[in-house]
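Notes follow the structure.
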Amino acid sequence: MPGLVSIKTPPETPALRISVSDENHGRNGPGSSRSEQVNPKTNSPAPRRPPSPSTSRAKPSPDRSSGKKKSPPEKVEIDESSLDNPDLGPFLLKLARDTIASGEGPNKALDYALRAAKSFERCAVDGEPSLDLAMSLHVVAAIYCSLVRFDEAIPVLETAIKVPEVSRGADHALAAFSGYMQLGDTYSMLGQLDRSIESYKEGLKTQMEALGDTDPRVAETFRYLAEAHVQAMQFDEAESLCKKTLEIHRVHSPPASLEEAADRRLMALICEAKGDYELALEHLVLANMAMIANGQETEVATIDVGIGNIYLSLSRFDEAVFSYQKALTVFKSSKGDNHPSVASVYVRLADLYYKTGKLRESRSYCENALRIYAKPVPGTTPEDIASGLMEISAIYELFNEPEEALKLLLKAMKLLEDKPGQQSTIAGIEARMGVMFYMVRRYEEARSSFENAVTKLRASGERKSAFFGVVLNQMGLSSVQLFKIDEAAELFEEAREILEQECGHCHQDTLGVYSNLAATYDAIGRVDDAIEILEYVLKLREEKLGTANPDFNDEKKRLAELLKEAGRSRNKNPKSLENLIDPNSKRTTKKETSSKKWSAFGFRS
């Protein structure tokens with residue numbers, strides 16, 4: 001996480017971080033970066049092909065310490081009554097820091113830190129906010145996170161944020177900024193991306209009030225927040241923030257700087273997600289040139305993989321193969337033949353060769369990658385392996401081997417299930433498993449997988465994303481196969497509302513939900529509603545999408561059957577769907593539902 005600040009802080013002030021011991025007890029300086037406190041590996045919440053373009057946004061790494069371990073501090077018995085001594089708080093905070101550095105264990109460090117906070121609170125002058133108290137609370141929260149007790153860290157950080165008064169100067173602004181960003185990280189670890197983003201926004205607001213909106217350190221926070229929006233699949237917001245970051249770095253950094261390269265890699269990821277492959281390619285090429293100018297050979301190879309991905313999306317297969325092979329050569333020479341980076345390129349080549357019809361080569365590369373993931377080299381993270389297994393499972397799905405694909409997804413999910421901050425990724429895995437269970441007609445398991453995914457996505461703040469709408473639609477289809485028609489109708493209604501908002505009325509996913517909802521209404525006796533939905537869909541196709549689509553004739557035939565059954569003719573001016581679906585509608589009785597026959601038309605995935 002980026003740092004606030006160009007403010008001078010007393011050098012004797014203790015550090016906020018707890019992962020390493022600091023002999024000089026210097027707090028993160030005004031120009032420091034909070035990325036010192038986190039693991040520089042970005043974990044994407046959902047399965048994503050391209051690597052993260054920036055390492056600035058990373059999950060907190062609670063249990064890691066660096067450097068040589070110190071000998072554990074001697075156990076100190078402290079009388080509670082002595083907490084009123086103003087010298088005790090700094091002493092206890094140092095004990096907490098030394099305990100963490102020695103590797104003795106976070107529980108004892110937590111006890112020291114809690115007592116330090118209590119001492120600072122008791123010794124605070126009435127009416128005067130204590131920055132020492134805020135700092136000690138940050139340390140307490142960090143230790144809670146290291147113990148995977150995130151729910152306990154949140155109220156501590158909320159208290160810490162209230163301590164400083166930004167109007168009192170730069171040091172108070174730094175304390176408030178640090179609190180908001182640490183709170184955002186903690187929410188992110190819980191998978192609550194919406195709350196995480198709100199906390200980051202408050203931190204950014206505080207930072208901009210202290211430094212203005214063109215300071216290079218503000219640019220780092222812009223990028224950090226942009227990456228959070230990418231994780232939440234809010235690409236328009238991410239693009240806006242990333243553009244601001246690029247503008248600031250153009251002014252304050254030399255041409256082809258590492259900062260600009262990181263910005264362009266993130267912008268490329270956003271453009272690719274939005275389907276603008278040409279612009280994504282332009283950003284990656286410029287980032288590549290910057291990395292070459294700075295002698296970053298391994299980073300150049302990583303960007304080459306991203307360039308290969310774009311060429312693959314543009315069906316420029318020869319250029320994609322060249323980019324992948326170039327990256328593969330560098331990874332093998334710098335990291336070894338069995339490194340996960342090598343496996344990741346194998347997976348990309350497997351995907352490419354499948355798309356070009358070379359199935360034997362595709363399968364061979366899949367098997368090579370699986371061999372590497374089966375015996376990972378030291379330092380390989382579970383997230384790296386899980387990501388690779390998910391991509392390989394997608395290729396086996398294309399091979400029409402759903403059972404093998406399911407096995408790989410289950411392995412990936414087991415690797416991630418105990419990892420904090422992976423709820424969205426696990427939800428994505430469960431949604432894919434649900435689709436495959438549905439394909440092999442295991443509808444109960446499909447519905448269960450979709451239900452688990454929906455629960456996690458609701459908790460993580462993604463309940464308004466297009467992906468969430470698609471998962472609701474798939475869960476509705478599973479409910480239909482299990483004859484849970486009322487439940488299916490509710491799911492289709494919610495999916496319709498989300499997809500209309502996120503994709504628009506004419507998007508194929510939205511039209512598919514309309515069709516499913518019409519079929520469901522027909523099944524439960526709401527024939528008039530089913531007719532009106534189909535009339536609306538046909539009008540959309542006739543006026544905006546054209547009648548050449550094969551679905552047009554199918555839907556026209558379905559509508560004719562319903563109209564014939566109802567003894568009506570087609571209404572050429574159907575009313576809007578805006579107020580069509582009334583959740584409190586009482587037009588359908590149980591008797592009508594039970595006596596209604598299934599409609600002749602089916603459902604759409």
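In case you wondered, yes, glycine gets a Cβ from its N, Cα and C as well.
Annotations in TrEMBL come from automatic prediction, not curation.
TrEMBL has this to say about the protein:
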REGION    1-83  region 'Disordered'
COMPBIAS  30-43  compositional bias 'Polar residues'
COMPBIAS  60-78  compositional bias 'Basic and acidic residues'
REPEAT    177-210  repeat 'TPR'
REPEAT    301-334  repeat 'TPR'
REPEAT    511-544  repeat 'TPR'
REGION    565-605  region 'Disordered'
Item checked: the repeat 'TPR' (177-210) - residue tally per DSSP class, helix then strand then coil -> 31 helix, 0 strand, 3 coil
Next item on the list: Could you please provide the mean pLDDT value for the repeat 'TPR' (511-544)?
Entry: 84
Item checked: For the repeat 'TPR' (301-334), the number of residues DSSP places in helix, strand and coil -> 31 helix, 0 strand, 3 coil
